[in-house]
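Undergrad: Heads up, here are the entries from Swiss-Prot:
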| type | residues | note |
| --- | --- | --- |
| ACT_SITE | Cys193 | active site, proton acceptor |
| BINDING | Ser93, Gly94, Trp95, Gly194, His195, Arg230, Asn315, Cys316, Ser317, Pro318, Ser319, Thr349 | substrate binding site |
| BINDING | Asp155 | Mg(2+) binding site |
| REGION | 1-21 | region 'Disordered' |
Amino acid sequence: MSNVGTPRTAQEIQQDWDTNPRWNGITRDYTAEQVAELQGSVVEEHTLAKRGAEILWDAVSAEGDDYINALGALTGNQAVQQVRAGLKAVYLSGWQVAGDANLAGHTYPDQSLYPANSVPNVVRRINNALLRADEIARVEGDTSVDNWLVPIVADGEAGFGGALNVYELQKGMITAGAAGTHWEDQLASEKKCGHLGGKVLIPTQQHIRTLNSARLAADVANTPTVVIARTDAEAATLITSDVDERDRPFITGERTAEGYYHVKPGLEPCIARAKSYAPYADMIWMETGTPDLELAKKFAEGVRSEFPDQLLSYNCSPSFNWSAHLEADEIAKFQKELGAMGFKFQFITLAGFHSLNYGMFDLAYGYAREGMPAFVDLQNREFKAAEERGFTAVKHQREVGAGYFDTIATTVDPNSSTTALKGSTEEGQFH
């Protein structure tokens, strides 16, 4: 019988937890025996998820002030362009999936209204696009990108329910090839974008269960997925319950018609929650309303006063009016200063949405008024980018793999006369 997929024993799992530096400082509220019991008799090998998680962790845990910055991708092709341009990770936000990439096929606000497996579906699509780009590059002998399969950090939102929902969603993320996932401490049924009003927190202990469940799913899958805890306590004014004594200093005593308790928002509850989440999370993210380095510094110092090695994440959000808050020189050094504070993963959540919408609007605006010159201007800018910066998608047939599949065709039949690129307008006109 084959040994492929043989599950780890409880002893092997425990030894990994005890000796692997990857797990320094990580708490699990379950045992190695329980993980072994949940594995089944065959454990699938999640190559992309495991490889991506290792790359991501090595990058964010490296000593020094270096950081990884990423843009939110909405499509597979956007992710390919990001990697081609030099980025080392891809971010996938639930907001963008809600807005234009969910399995319901509708446009939604960021309120967890779409099918729960939509984000894993887009993770898979992005990985498929990156795999194809890698295959094309290998056939062409193109070594300009050293790693096409960069880590993907994906949005688990508030988990779409309780601990079991989180477990299943995390499994789906891993199967799709996500390297990291983040989970926010909002009530799933009332979940809102971090920059909307009406956010309702769950008790601290309940979110620890969320993080614990996400970690358990990764352990059962034998994948070192990077688990990121997000707190929305900086702006949230409601909480479901006063059951957790750690939350009580911030509860005002007033209640709403729905039975929720009012809480005091701000930095202090964020730090308190982050300290509670730290043993269960690889990284921590405080959602904020403005690009405020002083606030970020106070948060980092507050958390690291108790957990000095805690890694942090930061949302460089498009919901901020950056130029209204900061001068150009401050914007230029913003991420570098965050990196020095320990914010080792920084991302622009909705970059894909804004790039896609403005790019098409700008082209359509010109085309509606000028006709063909508007598109030709775009094409000429593509040619220039190809010549000066390594942009390749101006050759659109090549970009989607026509040459790669020609290689397959001629491998099967060396005398094939039906290859696609030979004799194409692209071959003749796009040199």
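Placement of Cβ uses the backbone N, Cα and C atoms for every residue, glycine included.
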Undergrad: Quick one: which of these binding-site residues, Ser93, Asn315, Ser317, Ser319, have their CA within 10 A of the residue listed as 'Mg(2+) binding site'?
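TA: Within 10 Å Cα-Cα: Ser93.
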Undergrad: When secondary structure is assigned with DSSP, how many helix, strand and coil residues does the region 'Disordered' (1-21) contain?
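TA: So the region 'Disordered' (1-21) is made up of 11 helix, 0 strand, 10 coil.
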Undergrad: Please give me the CB contact count at 10 A for Asn315 (substrate binding site), counting all chains in the structure.
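TA: Taking every protein chain into account, the count is 25.
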Undergrad: Which of the three DSSP-derived classes (helix, strand, coil) applies to Trp95 (substrate binding site)?
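TA: Assignment for Trp95 (substrate binding site) reads helix.
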Undergrad: Among the binding-site residues Ser93, Ser317, Ser319, which residue has its Cβ surrounded by the fewest other Cβ atoms within 10 Å?
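TA: The binding-site residues Ser93, Ser317, Ser319 were compared, and Ser319 has the fewest Cβ atoms within 10 Å.
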